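Report on one structure; see the data block that follows.
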């Protein structure tokens, strides 16, 4: 049987009979990996937020999306310590069981929402720049972000409704609730990826006819972030679908699926620390801002405490920190 903290596992009668030897692997790997991911995500995403607020133009819609994507990753990473502490049993009661899974759903849906909207925005900016002239107002920024978070809360309600504490485990109380949640996640994931794929096909067709290096840089980073998200979450969504029991499985195949589920879940849940790394390696402006920030901090440490020292602001250079 898998760890009690697997969010979307439903142990039917067959899987209950098929006891396996992956509990030790699951527990140890979860504790070690999630502790590391939590620290990396906390540091990395906090640095991204600092760079955005300190050095960048928050009137840019793209930067607002990046900021909210950071908040979503931080929200997810804050769930990991609870996940670690609840490896053997759920100790926080029904309310926090529901709340915990709802926050998980909100961070999951908000991430894919913001990635999809970022791609659509970049598609419009490249393919039809005139159509984006009126969407950079404060009212538009507030409206878009509010709608995304509201929709994320709405989509995550089933995760809260169908979860409860059963035998000291926080899990789905009804099999149909598990099925509905998995189908919703997978359909939403596939639709979003379909929209993103369409947008990038059109973007690439347009960019082949233009030589704007700024546009190429921006598209390249957003594309890298989207690909990283897809590669992280697609295997997890696939194993979730297989766990629904749609495909008839033997005891041996269930054991193999349990191991695959652990590995895919670890990969998916580690995604919250990936984006800051991608920004460093792909985002030229972000890398320059980060270097400037570290130089300022280093100079402040070397300066006498009697001399006031505060990091300055970077000169605004463009619509986003790519």
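Here the Cβ of each residue, glycine as well, is placed from N, Cα and C on the backbone.
Marked as disulfide bond by Swiss-Prot: 97-170. The DSSP secondary structure for residue 97 (disulfide bond) is helix.
Residues or ranges marked as topological domain 'Extracellular' in Swiss-Prot: 1-27 (among others). A mean pLDDT of 50 is what the model gives for the topological domain 'Extracellular' (1-27).
Among the features that Swiss-Prot reports, topological domain 'Cytoplasmic' is placed at 56-65 (among others).
According to Swiss-Prot, the feature topological domain 'Extracellular' maps to 86-98 (among others), an assignment based on sequence analysis.
The feature topological domain 'Cytoplasmic' is assigned by Swiss-Prot to 121-137 (among others), with sequence analysis given as support.
The feature topological domain 'Extracellular' is assigned by Swiss-Prot to 163-185 (among others).
The topological domain 'Cytoplasmic' annotation in Swiss-Prot covers 205-220 (among others), and the record cites sequence analysis as its basis.
Taken from Swiss-Prot, the feature topological domain 'Extracellular' applies to 244-259 (among others), supported by sequence analysis.
What Swiss-Prot lists as topological domain 'Cytoplasmic' is 284-322 (among others).
Sequence-distant contacts of the transmembrane segment (28-55) (same chain, at least 6 residues past either end, Cβ-Cβ under 8 Å): 3, 5, 63, 66-67, 70-71, 73-74, 76-78, 80-81, 83-84, 87, 262, 266, 269-270, 272-273, 275-277, 279, 286, 289-290, 292-293, 311, 313-314, 321. According to Swiss-Prot, the transmembrane segment annotation covers 28-55 (among others), on the basis of sequence analysis.
Same-chain residues lying 6 or more positions outside the transmembrane segment (66-85) and placing a CB less than 8 Å from one of its CB atoms are 5, 30-31, 34-35, 37-38, 41-42, 45-46, 48-49, 52-53, 58, 91-92, 100, 103-104, 106-108, 110-111, 114-115, 118, 145, 148-149, 269, 271-273, 275, 320-321. Residues or ranges marked as transmembrane segment in Swiss-Prot (evidence: sequence analysis): 66-85 (among others).
Under the heading transmembrane segment, Swiss-Prot lists 99-120 (among others).
If one looks beyond the transmembrane segment (138-162) by at least 6 residues along the same chain, the residues whose Cβ comes under 8 Å of a Cβ in the stretch are 7, 59, 61, 64, 68, 98-99, 101-110, 113-114, 117, 172-174, 177-178, 180-181, 184, 188. According to Swiss-Prot, the feature transmembrane segment maps to 138-162 (among others).
Marked as transmembrane segment by Swiss-Prot: 186-204 (among others).
The feature transmembrane segment is assigned by Swiss-Prot to 221-243 (among others), with sequence analysis given as support.
The feature transmembrane segment is assigned by Swiss-Prot to 260-283 (among others), with sequence analysis given as support.
Highlighted: of the candidate stretches 186-204, 221-243, 260-283, 186-204 has the greatest count of Cβ pairs under 8 Å to the transmembrane segment (99-120). DSSP classifies residue 170 (disulfide bond) as strand under the three-state reduction. Long-range Cβ contacts of the transmembrane segment (186-204) within its own chain (Cβ-Cβ under 8 Å, at least 6 residues beyond either end) map to 109, 112-113, 115-116, 119-120, 122-123, 126-127, 155, 219, 223, 226, 230, 233-234, 237, 240-241. Comparing local CB density within 10 A for the disulfide-bonded residues 97, 170, the maximum falls on 170.
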